[in-house]
Amino acid sequence: MSDQEAAAADGEKKLSKKELNKLAKKAKKMELTQQKGPSANDASGDKEEDVSVGCYGSYGLVQSTDEKDIVFTELNAINKDLANKEIWVRGRVHTTRSTGKSCFLVLRHKVHTIQVGLFKGDLVSKQMVKFVGAIPKESIIDIQAKVVVAEQEVSACTQKEMELHPIQVFVVSSSEPRLPLQIEDASRGENDPSGLAVVNLDTRLDNSYFKGQAYLAQSPQLYKQMAIAGDFEKVFTVGAVFRAEDSNTHRHMTEFVGLDLEMAFKFHYHEVMRTIGDVLINVFKGLQREYAHEIAAVGQQYPAEPFRVLRAGFGLEEDLSTPLEKKLGRLVKDKYKTDFYILDKFPLAVRPFYTMPDPHDARYSNSYDMFMRGEEILSGAQRIHDPTFLTERAKHHNIELDKIQAYIDAFRYGCPPHAGGGIAAVSNG
């Protein structure tokens, strides 16, 4: 007896012709499946081996867990001299198209682009091709690849003669799949009717400034980070800052000129901390070297000890008060013979909500201060570049999310890990 007849005989009501045809199709499908044997997706069968295990995936949150000795090549530096060599590059997924066994994407860094071709083979699995093809546009990725001379000119890229064949692909910062606008839309000319209007967002802070209301120019911190999210890599601003400081000391100023700087890094915020430290050391040594005569002239009227420079690092259990800062400055000078030093790993509780926690000990943070003769001249840290984690930390600090929503949204479409700091004018009288 057929399945259809059995179903009709055993059922309390007779099946319709449509239902009988449906059962017949189902039976035929099962028969064909049994003839072909277990499929790659059948849990009872053997899945296709993934020969690319460990060569693709996501870094997860880059929290400065460790430093990596990887040298990256800029896209505009790739040429025929690098043909058949393996290099590392970092950039954004500009466009992507894939089939079952291959994937082509255009990698973009700033205004430079290059074609990347991934093909299923002995060293590249179908799973790896599928993973790369599904990476959202504008995500930031790291690629280790072989440099290959393109078979024909790649007209859609700035790199027209060379292309990359990946060996490893890792997501550094993933973008949300749905973009608020396409790069093509943003690239249209000002007179293009299909282009987008540019909106100038001017946000000011309203404070009580010595018993009066005033719009105060504060730190450009959040705007620096938003610029980093736009792939500027290194950003600095020099401008006036106004604060309603009640303390009448040489360390507390109501008006000063500040230097704020921000920098993207690859794997660890110490890349930024060392860069800032080296900049300051070069400034100090440069002043001593280039302006020795002027310094000596000033010293005749205002005698002072020669400034000494060496970089050193320390760990702390709590934030420093002014007396402790000065005492530490004396201790450092006695032991290391330097007036300039860097303190790393401040407690998380004394840092702003956007500071990245230490990956090994949640009590501390990836933050640092730089001191000159016992007084802080710069405060900085790695910033949180993941919107979900940033929202979580803002809630922890009881910050109203609607007031910083534009700031949080800036990190939803791929943002490199970054750190920075602010330098204020300081008197050491």
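Positions of Cβ are set from backbone N, Cα and C atoms, glycine also.
Feature region 'Disordered', per TrEMBL, maps to range 1-20 of the set 1-20, 61-80, 181-200, 361-380. In the predicted model, the domain 'Aminoacyl-tRNA synthetase class II (D/K/N)' (207-423) shows an average pLDDT of 86. Note: the domain 'OB' (87-161) comprises 8 helix, 38 strand, 29 coil (DSSP; helix = H, G, I, strand = E, B).
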